[in-house]
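The following features are taken from Swiss-Prot:
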ACT_SITE  19  active site, proton acceptor
BINDING   14, 60, 62, 108  tRNA binding site
SITE      9  site 'Discriminates between blocked and unblocked aminoacyl-tRNA'
SITE      87  site 'Stabilizes the basic form of H active site to accept a proton'
């Protein structure tokens, strides 16, 4: 069983924020696979098939850890079979990277997940949102029109990479999508 989780904030006012790029990728995955979220449990929403689960926490970004811990424990998904998709300020808009493990790099949602899961051995797909001196304000700002043209392409590529993760080893996905 594989589990893909896109991070974001549930309030509609944050829908187009940089911090919600994980949600945006999950929406694209669902669209590409012609699936719809149909379950709500563990403070999150998800769809489950026989092979995989695609999910979004319904807590705010910085409190994502309990959802990841609870859904992965309940469905017996090991950390190496989870892919967390989230925004990363250390990458420019238009950049993305898949990593098999690592620290939080200051991203509070992933920091909470690593704390609650008690491991850094969780694959992740980082989507660049650019840097700014005022981090809190920046992550809660919307992409500019020019940036959104770029991020839309990245969201499509990230969705393809995440779908590939459902059926392949993380190393294969990394070799195909990290360029």
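Using the three backbone atoms N, Cα and C, a Cβ is placed for every residue, glycine included.
Overlay of Swiss-Prot feature records on the structure.
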residue: 9; record: site 'Discriminates between blocked and unblocked aminoacyl-tRNA'; DSSP class: coil
residue: 14; record: tRNA binding site; DSSP class: helix
residue: 19; record: active site, proton acceptor; DSSP class: helix
residue: 60; record: tRNA binding site; DSSP class: coil
residue: 87; record: site 'Stabilizes the basic form of H active site to accept a proton'; DSSP class: strand
residue: 108; record: tRNA binding site; DSSP class: helix
Residue 87 (site 'Stabilizes the basic form of H active site to accept a proton') and residue 14 (tRNA binding site), Cα-Cα, nearest whole angstrom: 13
Nearest of the recorded positions (19, 62, 108) to residue 87 (site 'Stabilizes the basic form of H active site to accept a proton') - Cα to Cα: 19
Nonlocal neighbours by CB distance (under 8 Å) for residue 62 (tRNA binding site), same chain, sequence gap 6 or more: 108, 109, 111, 112
Listed recorded positions (9, 108), ranked by Cβ neighbours within 10 Å, top entry: 9
Integer Cα-Cα distance in angstrom, residue 9 (site 'Discriminates between blocked and unblocked aminoacyl-tRNA') to residue 60 (tRNA binding site): 5
Spatial separation of the residue listed as 'active site, proton acceptor' from residue 60 (tRNA binding site) - C-alpha basis, Å: 10
Shell list (tRNA; ref centroid = CB of 14, 60, 62, 108; cutoff 8 A): 9, 19, 59, 61, 63, 64, 109
Cβ-Cβ distance under 8 Å to residue 19 (active site, proton acceptor), same chain, at least six residues away: 7, 8, 9, 61, 87, 129, 139, 140
